[in-house]
Each structure stands twice: as C-alpha cells, then as structure tokens.
Amino acid sequence: MGRYSVSPVPKCLLLMFLGWSGLKYYQVNAAQLREYRLAAQLEDWDYNPQPEELSRLSESDLTFKKIVYREYELDFKQEKPRDELSGLLGPTLRGEVGDSLIIYFKNFATQPVSIHPQSAVYNKWSEGSSYSDGTSDVERLDDAVPPGQSFKYVWNITAEIGPKKADPPCLTYAYYSHVNMVRDFNSGLIGALLICKEGSLNADGAQKFFNREYVLMFSVFDESKNWYRKPSLQYTINGFANGTLPDVQACAYDHISWHLIGMSSSPEIFSVHFNGQTLEQNHYKVSTINLVGGASVTANMSVSRTGKWLISSLVAKHLQAGMYGYLNIKDCGNPDTLTRKLSFRERRRIMKWEYFIAAEEITWDYAPEIPSSVDRRYKAQYLDNFSNFIGKKYKKAVFRQYEDSNFTKPTYAIWPKERGILGPVIKAKVRDTVTIVFKNLASRPYSIYVHGVSVSKDAEGAVYPSDPKENITHGKAVEPGQVYTYKWTVLDTDEPTVKDSECITKLYHSAVDMTRDIASGLIGPPLVCKRKALSIRGVQNKADVEQHAVFAVFDENKSWYLEDNIKKYCSNPSSVKKDDPKFYKSNVMYTLNGYASDRTEVWGFHQSEVVEWHLTSVGTVDEIVPVHLSGHTFLSKGKHQDILNLFPMSGESATVTMDNLGTWLLSSWGSCEMSNGMRLRFLDANYDDEDEGNEEEEEDDGDIFADIFNPPEVVIKKEEVPVNFVPDPESDALAKELGLFDDEDNPKQSRSEQTEDDEEQLMIASMLGLRSFKGSVAEEELKHTALALEEDAHASDPRIDSNSAHNSDDIAGRYLRTINRRNKRRYYIAAEEVLWDYSPIGKSQVRSLPAKTTFKKAIFRSYLDDTFQTPSTGGEYEKHLGILGPIIRAEVDDVIEVQFRNLASRPYSLHAHGLLYEKSSEGRSYDDNSPELFKKDDAIMPNGTYTYVWQVPPRSGPTDNTEKCKSWAYYSGVNPEKDIHSGLIGPILICQKGMIDKYNRTIDIREFVLFFMVFDEEKSWYFPKSDKSTCEEKLIGVQSRHTFPAINGIPYQLQGLMMYKDENVHWHLLNMGGPKDVHVVNFHGQTFTEEGREDNQLGVLPLLPGTFASIKMKPSKIGTWLLETEVGENQERGMQALFTVIDKDCKLPMGLASGIIQDSQISASGHVGYWEPKLARLNNTGMFNAWSIIKKEHEHPWIQIDLQRQVVITGIQTQGTVQLLKHSYTVEYFVTYSKDGQNWITFKGRHSKTQMHFEGNSDGTTVKENHIDPPIIARYIRLHPTKFYNTPTFRIELLGCEVEGCSVPLGMESGAIKDSEITASSYKKTWWSSWEPFLARLNLKGRTNAWQPKVNNKDQWLQIDLQHLTKITSIITQGATSMTTSMYVKTFSIHYTDDNSTWKPYLDVRTSMEKVFTGNINSDGHVKHFFNPPILSRFIRIIPKTWNQYIALRIELFGCEVF
C-alpha cells in the first residue's frame, strides 16, 4: 500500500467489515458520550473577506478552493451554524476525562481524507493515519475515507491522557487529516481538540471557570501545496489575513482561556502577543506566547483595560504579511474582581518610579574593538566597509536616560560599555507606578511601548497597522522635539507567579513602525518584579548580580537611516544597489547588546556568585536564538540547561551560579552570523575577601602569580539603577524604620574613599598590567583589582604544576578527592570516517529520498580498550542509535574519563554539554586567555589521542526522585555546525545514583535516544564543493538534493524501537540543529510527560534547537505505531519511524512442544545417531526424545527453528535428556537470529562483550527458562551450545507472540471464558460421561476432555460468547481420545455475529466464498490458523465439516479487546 495512496479494499473484505455491526452499535461505558457529525467539504475561501457591498464589485484575487471540516445536524443535510471567528478552523471538539468522543465523519470532498487527533486513546481503526503498521486492509478504512464515503471514529478520554494536576482545566490539541500531511493541511483540514479535566465543562461544553474561551490558529498556508494548487503564501489567524479577523470580544474584568494553535507545513515559529495585556501559561507570567508550527498551547488572561488591542505574531515577517487581528475589550459594567485589597504594610511598600528618557540619534559602532580571533570571512562580510559596503558604523537612534525633565544631564557621563545600545533598565514591582517622561530628540516620530504590563490606551505608545493617520495620537507617535509622559501601574495580574523568577525579563521599544523603529536601534529592557523583589534603590534582593544580554538582529536595510548611512559610509553611494543580496546581507547585524563581534573586554563575576541573567531576543529575526553558556548552566523554570532558546521579541530570566573558574563564552548557537556576532566572554574568578589585605599572611610573589594565568583586565562593578524614586510619605517612613537608607552612611560603600585593600589590589594590578574586566566585586566601582584565586581542587593545582595540568589521571584524581565515594567511568571513543547510507534498507522501500543517499561522514565509535583495536559491537539496545555515537552514561558525582582517538583525516574534538570540566577538557576553541598547555583539547589532529575528564555535578542530573536520567549531548566542537552535519554527535545520560551497572548500562530501564536532525550534506566537511546547490537553486527555494530530515540519521525506517505495554519507557530526545530546525514530536496512540515535570501532560513535544528532553511514556495500546515530527514537509521526507508495543503477556509457546512447528521447520548443523533436530521439542518423550550432537574440535554446532514468519521472541525454554540414567544437557549457549536466513545477528542483550551467554541446564530433565530482553523480531532462531555435559543436547520451546500484537489467548484454556459462555448445537451424553460444550478447552485433561455433539453431521457447531466486541486473530484446534478411539475435526468453517442472530461466514479473500480451514491430523496435536483479516465480533462459531471417527473439539482463540 503506497504511503499516501488509497488501496482498493477487496469487496469481500469490505462486506465483512461492514457486516461487523459491533463498530456501528458499539456501546461506550463513559461518563458522557459526546457525538459529533463532521464533514470534509469544498469551500471557496477568501483570506481577505470584504464587506458585502464591496465584494459584489470585485472578485478578490485571494479566493482559493479549500477543503474544510464542518459540523452537521443528525442527517448530514443541514450544516450547523458556527462562529464567524472560527474561519477556516473545523468545529472545536471537546471532552472531559472519562468521556468518549464519537465522530461520524462523511467525506463530501474530492480527495480521500481522514481525521487524526494529536491526543486521545484510540484503536487502529480510529487512528485516521496511513502507514505500514501491519494491520489488515479492513482496519485501514479509517486511514483515508474516499469521497462520498463515511466512517465512525471513536476516541476515549482516559485519566492517563487527561490534564494533570498542574495543567489548566483544558489542554489544547489539534485534529487534522493525515492522508498527506502537507497537502491536507494546506488545503484547510484542521480543527481544535480540547481535552479537559473531569467536571470542568458546562452542559453546553463551555468551560466553567472562564468567562470566555477562544481558539486562535496562527498559520502559514502554502497554496502551492494545496490539493488545488494556486501559488500563494498566506499568513493568517484562523484563515484571515491582513487584519480581517473578526474582532475578538471581551468585557473588562473577564477571565479568558486562550487555546492557541500554530500550524505550517514547513518549520515555523510564532511569537504571539496581545498588546497591553499579560498572560499566564503553565503557571508562568508571559507577555509573548512562544508557539511552534504543529504544536498548541493553553494560556489564560484577565483583562481590565478597555479599548481595541492588537493581536499579532511579533515575528517581523508575520506582522508585515498581515498576521494580526484585534481584541476589543468593553466596559460591560462588571465589578473589578482582579484587584486584591492590600494590607497596611503592603501599601507602604508601594513605590513611584520616574524615568526621564530621550530618543537620540548617534553614530553607533558595532565593533569598536575587533579581536584578531574574529572569523575572517565574517569580518569581511559585516565589519569592513570595502566593496561599497557600509561597514560597522551606522547612524542610529537610541534611548538614553537623563536626570530630570530638563534633559540636559545624562545619568551617565560615559555610557557603560557593557550596556551597549540598550536603553536604561526600567524596573518596577507589583502595584508600583512608573512614569516615563519621554522626549524625542531625534529627527522623526518615535514612542515607547512596554511589554509585560497592562497599560491604558494613553500609555500604550503603539501605532497599529490599520490606524489611519488621524487616529495616531500624541502618545502613539511623539514628534521630534516633543515630550510625552507615559504612566502606568503594575497590576496584580502583571505580577510574576510563584514559579517565576523574582524579576521577569520584558522588552520596550518604539512602536510607531515597530520593525523600522527597532531596526533603527530603539530598544531597552524592563523588569517586572514580585512584591518584595526590589530594594528601595531598585536592586534585586535575591541576586548577587544582574546582567542583561539582548540578542538583537538589526536589519539596517529597514532602518529609517539607511540612506544617510549609504551616503556617509559607502565609497560610491550612487552605485549602491540596495536589492543586491550581498549588500543586503552585509547590513543585517547579529549583535549582543548592539555589538556584532567579540570584544577584548571580558565580563567578570566572582566564584560562587549568583548571577541573574535577563536574556532577550529582539529585531528582524524569524528564527529562534539558542543561547549557549559554556562551562555553566542556566537555571530557568526549574530546569538546568546550558542552551536557552529565545523566541523573537521575547525574554527569559535565568539564574547562573558561578562555579567553574576560567574565561568562558556566552554565545548564540546556530548560524555563522549568530555565533560570530552574538557572543561575549566572561570570567568566573575566585576572589577571597577574607584573605584580602591580611598582613599577617605573607606570600611570595611567585606564589601569588602561580595561580594567575594571563588574566584579563578588571573593572568590577555593582550596578545601581539611576532613577528618581518618589515613595509615598508613609513608604518613606517605613524605609527609615526598616533601615533601608543606612547604605548612604556606610563609609565602605563611598566612592570617594579607598581602603588599604584597594591600594594593594591596585598595586598588584599595575604590576601585572591588567586590562579592564567587568564584574561585581565591590558595591561601587574599583578601577583595578587582582584575582586572588584561592586554592581549588580543580583550578589551582594544574596552574601551579604544569606537568599535571593536562594529565587526565591527575585531573580525575582531584575530582575524585572532592567528594567521597566518587566513581570514575572510563570510555574509549574514536572518530572514524565511514560511508553512510540514508536508505540502508533499500530505496525501493521508501519514498521521497533523493537519488543519491550515500555520503562520506565521520562518526563516533566505541572501543573496548585504549589500543583502539577492538570496536565495541552494538547490540539490540544500541540498534536504534543509528548515526549517534555511543551513549556516555554516568551517575551524579561521577567522574567521566573519555580517551579519544581521532582516526579521521581532519581535526576533531569532544565537547560535552551539561557537565563540569576544566579548560583543558572543554573541547572547543575560542579566545579564553588559556595558555597553549590548556588548548590541546581544542582540536585533536588525525591519529592523535587525548583524554577528556568531565565531572558530573548534581545540577547535571535528575532534579527529583521521579526522574531517572537526564539527557545531554556531546559532539566535536572544532566547528560545531560542520562537525555535527558531518555526523559527530552522541548522547550523554546522567542518572540517579544506583541506576547504572558496572558495564555502564542503566539497570531495569527501557530507554531510547532519538536525535531529530535535518542533515545538510552541503555543510559537511566531506561534501565536494562541485556538487553544492547553485545560487540560482538557493534563490528560487529549490529543495536541496542533499538534505535529509531523519531520526538518528535514518529516514523513515529506524529500527529497534520495541517495548512492552504498560511499562515505563524513557525517551531521550535531542535536537542540535540550527535556529530554523524546529521539530514537534508526536507518538501516535500514546501520550507522555516530561521527566521531572510529571504534573504536566503532553500530547506532542516541541523540540527546539539545542534541546535535550527526557520524557516518560507508559504505552497503553499494543501494535506498531508511528513516531514523527508534526512539521509536515520534514515528516513527508523521512523524519518518522515506527515503534512497536507488545503485550506484557508476550511469552506464549510458539509451537515446538505442541507440534504447531512442524518437523521440517527444525534443522541443525548435524546430529548423532537418531537424535535428530525434529526431536528437540520441550517435554518430548520416548527413547530418542531430543537433538544431540558430538562436538568436534573447531566445529561450532547449532540447531535452528524456522518460524516461517517474523515473530517476537521474548524467551527460550531448554531441557536436556536422560537415557539409561545418563544425563546429557547444554550448560551454556548463545543465540543468533535472522529475518531472511542470510544475515545473522548474535544476540548481545546487556552483555558488554560481543554476545550474551545464556545459562543452560544443570540436569537432563529440569526446564530452564531464559528471558530475551530486549525482545527480538526474527523468523529464524539458532541456539549454539558452548558448554555441555556429555554431549550438546537440547529440547526446546520458544516463547513470544505475533509482531502485530493482539495475539493473546482469550481464555478458553485458562478458564477466563466462563462455562456458561460456551454453548453448542448439541452435546453427547451417556450414562457414564457427558461431552459438554464447556469441555472444549485446549489441553484439557480427564476422561471426558472435549466437546462432542450428540450426532455427527455438518449441522453441528460450537459457539463462544466473548461478551463484547473483540478482535480475533487466530485459533488453535485440538481433538481428543476416548478409550482407544482417536477423534478430531479435519476441516471446519467459521461464522460470527454481534447480535447472536444474523450469522456471517468468514470468507476466503481469493474466492469470496466461505473459507474451509484445515483441521487436525491426530487427536492430541495442535493446529493454528491466523485470520487475515481478523474477525471483529462478539460471538463466534466453529462448524465442523469433516472429521475422523467422531467430531471432537478442544480450542483456544487469540486476539484482544477492541476498545
């Protein structure tokens, strides 16, 4: 069946399926049945709907043929009325925990379509998705409903998938057609699905706890990929473009639930913003919702300020393309329920903050200092002004602060360099009032618009896209030379939540023309703080240092001053072509605080200092900015991470503890422009205040300098907020009462005084010739200081003893000594060059792959020892890793030692995320002031060897007891982008103590590592330049022939993902792609939670660049399921895989003992005498009852079972034999297996060597059972005896189940099917015995142990009532013996029904006639038949056709419950 094609279903199968009335009349035991009648229908859609009188005059060019979901009345004749606001969206489906959703679906369109939910419990015939899952054709009728046909989908909302404790009342998901994700979405087939907590919905389906709820879908429709193609790209909200979304209505003091969906068939991000409002999302206060295409979020908002407010995505291209609408808040007379009454003490803490800010035009130098280490190409492209480029200096407008309303005295005589281009920091806590007196000293209108606070229209300072000129008030656009006062109060609804940082990072900017104003430079950082977060001076109480880092992309081509800059800085202004791609690119400046390159100055912090970083992304950027912190981790939203993702026009607050000495790098992870422009170095230094100036301790100069290696200059500074604060009189009194003004009288804090300690530091600094260093040693400025680095176990020693500085054993020893009982884990890893095939199983089995799929790459490979001669062969647990390097596992407080050998042809290294390491083990090169001795780790030459030593601090591991392991990554850091695209990346798992065994494997955990990556071979070191895409191809957007969306480097067909139903499965998901590589992971049929955040339910997981996510899943549905990205174009091109969930009872005898496996299916390398392979059946009896062989030297005997189909093997039972009191048995053996009989795999399991040796028998009679974990899928199994007693001897049974699942016994043999549920046409009864129907149980013992009818004719039948609709996949039959009479059924047929009245025969697919099954050939053996297609029924009858002597039946049915 083609992936997106609809295979014709044979008529007999369709009749059989339609005859399964259980689907039609299926009764659901649910809290509530919620029924919907949905149709897919054609509709002409206008993205810019005009008023009726205008639409008659002209036909819009933006009318497109779409397929949309619409809701109908009972008979599908009348469409239900719908809200105009919903636009293209299908009806919102909703259900509470315990409910069942029944969707009656009819396809009125011209294409096969389906309905697939992102989150619900469903079975295979309600999935609505087409892929090779091993199900029968009739089970795929839901996959693609043909035009004119109908189908009924049944979805259950169970507690396992419902919102968790910390979730909002309703979680937002999408449903859509999954026949062809790209074309179906772009055609319009999508709607919202709300999964709600029990008791959260009213009778009409509306939420109880909100005044209003709205669903908004921010989407990009590519009409060229619609089923009805028409080239156009539309940026919309609910399908409305250019502000034509009907106004969203609300009343003041409403509590609104927002359900926001992002959708696009290509990678897309959205920064959803509601002007003048704040929202709460996942218990965090936000002003911008970060949304990813393919994912959804739920947020809530309490509104109080009346007016019409802009709703938009702040991604520049979205706003410019018309992705906006309006929220209209009216005064409906509702009482104020949002403002909390304050106590007297709280009222006294209220402050008034007054700022005097001007917009000024300046000449800005993006790179006042250009270090020699700056990339040459980057410098030529962005910083030099030859080739008629502007260069690094531009005329810009900036915000600057003044002392008073005269605007004559700036607060800083010299603007702080570390502040860069940023405006002054505006801080306020809840209930404080902020007044900004703004003077426009520039030459054109500007304003101030602040994110993160609720403001009135007078204080908004923003011009909307649809504002006519006459509506642009003074506050929206302050003319040159004019002054305007913005004033607002931080409301209770703006206050950071309990989970938030003390102060949360926001943004302010001019918004007369947001894009051009920001491009011109008018940006600044406000902070909104909790009630007690700020001192009276505006300093945050719970942080040693606050640091602002704004990652801004200034597109100077959109600046108001472009013409001025061309005239001033271009050598030949008249010849400049502004649309020249090279010229345009040279004017897009990637900066950190306005600096487009690294600087010679280094920011400095004290060892153990807690730094509160306020990180923001601003500017003309349509991609995520991943911020990487080397040597340390951010603590953000309760999670430690060393890459923090910033969405456009949004900010994050993160705490960093300075716990790793050295000079480190804060930079953007991603493109060349980002990594070169958005970067700064900082120094984590040890400064011992207690020892400073201690005259009693004399130190030799040599001792002082031994601890200092080429330190940078130091100016250490604690920032004060220059602001006029005007407390209320009562607040003033309280401040004095609390001693808040005492700092002014503290002589140690005075600028004019200089202590002897200061003088000593100045002396040392002058001796060392130190340069400037930004930090925070003192409360005020100290112009120079020295770094008196105290003795430290992992920083001081190596700098004193150069011989041990790079010795891995010495470094590891120091780590081990710092904490008792530390463990050292050693790995041997090499970089090797290989030919990698992105289609390893064969191109014929996949689609959408380019013609060339094999490329030279470099990969990490594990070895057994430091000789690097014997690779560590991967086993079943490593099968799924694909291109990934070996998993490096460790526990908290361990020391990891990796001996790295570079067997490739170019330099590579090892760089680890999340761990603690010295500079000599960083594996990454930048100007960190380290001596050459500490740079040997940066790049290991071909054939070179280096040992990296990493420490595992507690922050690297799980944060709570529910989290087992936490994932990170390692890769080569010589050139991270090119090295990773070349293939050099692997996972790191840090686990709780006691979770890892001596072989570095986790104990009793089912875990998988998945790396989502679009590999671009043109970015690989090994890609021939001659084969790269041409400029023309890139400009017209031709999909690269050399990109491969894949999971672990394998498109479509990643192997080895198998698990048991209801077991805890841990998935570690990695994304180390560039800023545009955004993936949304969806596991069909399952939901999951993020490790450490089990209070939040997830249906899909956005996986952002640099993200390492560990999630936990408890698979609830057996079968083969699809794992994919929700980004349609990547999914279609290969970013998908299958995972198999098998029943926990998958340990059934496969048929050696019962005889289901025939003699011809058993073979061996040889045998001795009459001990033939066919005798190797568990519990076989007789004189010759086993397989045996005499092992000769240099021979390796084996016995093989051909199962004639691929099955799941989970265990092996073995016996020896006894003959004439002589025991013969196998003591030890290993197993090999194959799917085709040609390619054999040795089972390795958890063994550290090449194969697992199973413990065999200890005598000739006892059965020894061995568990196969992980389970294997194979057709052929071989057992290889290695140790034995007397001779290698086997009697065997294999344990397992069918690959497709749904093959467990239904209860005839076990008694789960009750006697009363087994009936027959008649039964034989004599004076001494009764052969009643309930005796028809497989393997039943006794004198009367089967069913016999009263008479033997073709009208007899045996019937089983399964009590509910059941999927029956196979049957085993058995005869019986009475006295010496052998009785069995030789042929039979099957009938079934759901109502016990209308019976239907099981048909032969080939003939469409009643199928006659071959029965038994003796009275005790088993015969098994599979039903393909399976039977869906409650009642089943076995009708004997022919028999031996008399009719006698013992049976077992196999299958599973349907719902």
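For all residues, glycine too, the Cβ spot is worked out from N, Cα and C.
As given in Swiss-Prot:
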type	residues	note
SIGNAL	1-30	signal peptide
DOMAIN	32-196	domain 'Plastocyanin-like 1'
DOMAIN	32-330	domain 'F5/8 type A 1'
CARBOHYD	Asn156	N-linked glycosylation site
DISULFID	Cys170-Cys196	disulfide bond
DOMAIN	206-330	domain 'Plastocyanin-like 2'
CARBOHYD	Asn242	N-linked glycosylation site
DISULFID	Cys251-Cys332	disulfide bond
CARBOHYD	Asn300	N-linked glycosylation site
DOMAIN	351-685	domain 'F5/8 type A 2'
DOMAIN	351-529	domain 'Plastocyanin-like 3'
CARBOHYD	Asn385	N-linked glycosylation site
CARBOHYD	Asn406	N-linked glycosylation site
CARBOHYD	Asn471	N-linked glycosylation site
DISULFID	Cys503-Cys529	disulfide bond
DOMAIN	539-685	domain 'Plastocyanin-like 4'
CARBOHYD	Asn557	N-linked glycosylation site
DISULFID	Cys672-Cys1031	disulfide bond
REGION	693-817	region 'B'
REGION	740-759	region 'Disordered'
DOMAIN	823-1142	domain 'F5/8 type A 3'
DOMAIN	823-991	domain 'Plastocyanin-like 5'
BINDING	Lys919, Phe934, Asp937, Asp938	Ca(2+) 2 binding site
CARBOHYD	Asn943	N-linked glycosylation site
DISULFID	Cys965-Cys991	disulfide bond
DOMAIN	1000-1142	domain 'Plastocyanin-like 6'
CARBOHYD	Asn1000	N-linked glycosylation site
DOMAIN	1146-1297	domain 'F5/8 type C 1'
DISULFID	Cys1146-Cys1297	disulfide bond
CARBOHYD	Asn1179	N-linked glycosylation site
DOMAIN	1302-1456	domain 'F5/8 type C 2'
DISULFID	Cys1302-Cys1456	disulfide bond
CARBOHYD	Asn1396	N-linked glycosylation site
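Projection of Swiss-Prot feature records onto the structure.
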residue : record                      : Cβ within 10 Å
Cys196  : disulfide bond              : 23
Asn242  : N-linked glycosylation site : 18
Asn300  : N-linked glycosylation site : 16
Asn471  : N-linked glycosylation site : 10
Cys529  : disulfide bond              : 23
Cys672  : disulfide bond              : 16
Lys919  : Ca(2+) 2 binding site       : 26
Asn1000 : N-linked glycosylation site : 18
Cys1297 : disulfide bond              : 23
Cys1456 : disulfide bond              : 19
Query - Structural state census, the domain 'Plastocyanin-like 4' (539-685) (DSSP three-state) - result: 26 helix, 70 strand, 51 coil
**Report entry** Secondary structure content of the domain 'Plastocyanin-like 6' (1000-1142), with strand meaning DSSP E or B
**Finding:** 16 helix, 67 strand, 60 coil
Query raised in the report: What other residues of this chain sit with their CB within 8 A of the center of the CB atoms of Lys919, Phe934, Asp937, Asp938, the recorded Ca(2+) 2 site?
Result: Glu918, Ser920, Ser921, Glu922, Gly923, Ser925, Asp928, Ser930, Lys935, Lys936
Query raised in the report: Who sits close to Cys332 (disulfide bond): which same-chain residues at least 6 apart have their Cβ under 8 Å from its Cβ?
Result: Cys251, Ala252
Query raised in the report: Under 8 Å, at least 3 Cβ pairs, sequence separation 6 or more: does that hold for the domain 'F5/8 type C 2' (1302-1456) versus the domain 'Plastocyanin-like 1' (32-196)?
Result: yes
Query - Where Asn242 (N-linked glycosylation site) falls in three-state DSSP terms - result: coil
Query raised in the report: Looking at the recorded positions Asn156, Cys170, Asn385, Cys1456, which has the shortest Cα distance to Asn471 (N-linked glycosylation site)?
Result: Cys170
Report task. Report, as a single number, how many Cβ atoms besides its own are within 10 Å of the Cβ of Phe934 (Ca(2+) 2 binding site). Result -> 22
Requested in this report: Check the Cα-Cα distances from Asn1000 (N-linked glycosylation site) to the recorded positions Asn300, Cys529, Asn557, Cys1146 and tell me which is shortest.
Outcome: Cys1146
Report summary line: Cα of Asn557 (N-linked glycosylation site) to Cα of Cys1456 (disulfide bond), in Å and rounded, measures 64
Report summary line: Here the stretch out of 32-196, 351-685, 823-1142 with the most C-beta pairs under 8 Å to the domain 'Plastocyanin-like 2' (206-330) is 32-196
Query - Chain-internal residues near Asp938 (Ca(2+) 2 binding site), provided their CB is under 8 angstroms and they sit 6+ positions away - result: Ser909, Glu922, Gly923, Arg924, Ser925, Gly973, Val974
**Report entry** Pairwise Cα distance for Phe934 (Ca(2+) 2 binding site)/Cys672 (disulfide bond) [Å, integer]
**Finding:** 25
**Report entry** Reduced DSSP assignment, Asn1396 (N-linked glycosylation site)
**Finding:** coil
Query raised in the report: Given the disulfide-bonded residues Cys251, Cys503, Cys1302, and counting only Cβ atoms in the protein chains shown, which has the most within 10 Å of its Cβ?
Result: Cys503
**Report entry** For Asn300 (N-linked glycosylation site), the one of Asn242, Cys529, Cys1302, Cys1456 that lies nearest, given that the recorded positions are compared by Cα
**Finding:** Cys529
Requested in this report: List the Cα distance (Å, whole number) between Asp937 (Ca(2+) 2 binding site) and Asn156 (N-linked glycosylation site).
Outcome: 55
**Report entry** Inter-residue Cα distance where the pair is Lys919 (Ca(2+) 2 binding site) and Asn156 (N-linked glycosylation site), in Å
**Finding:** 54
Query raised in the report: Which ones in the same chain are close to Cys1146 (disulfide bond), with CB under 8 Å and 6+ residues apart in sequence?
Result: Tyr1060, Val1208, Thr1210, Pro1271, Gly1296, Cys1297, Val1304
Requested in this report: Count the Cβ atoms, other than its own, that fall within 10 Å of the Cβ of Asn557 (N-linked glycosylation site), considering every protein chain shown.
Outcome: 16
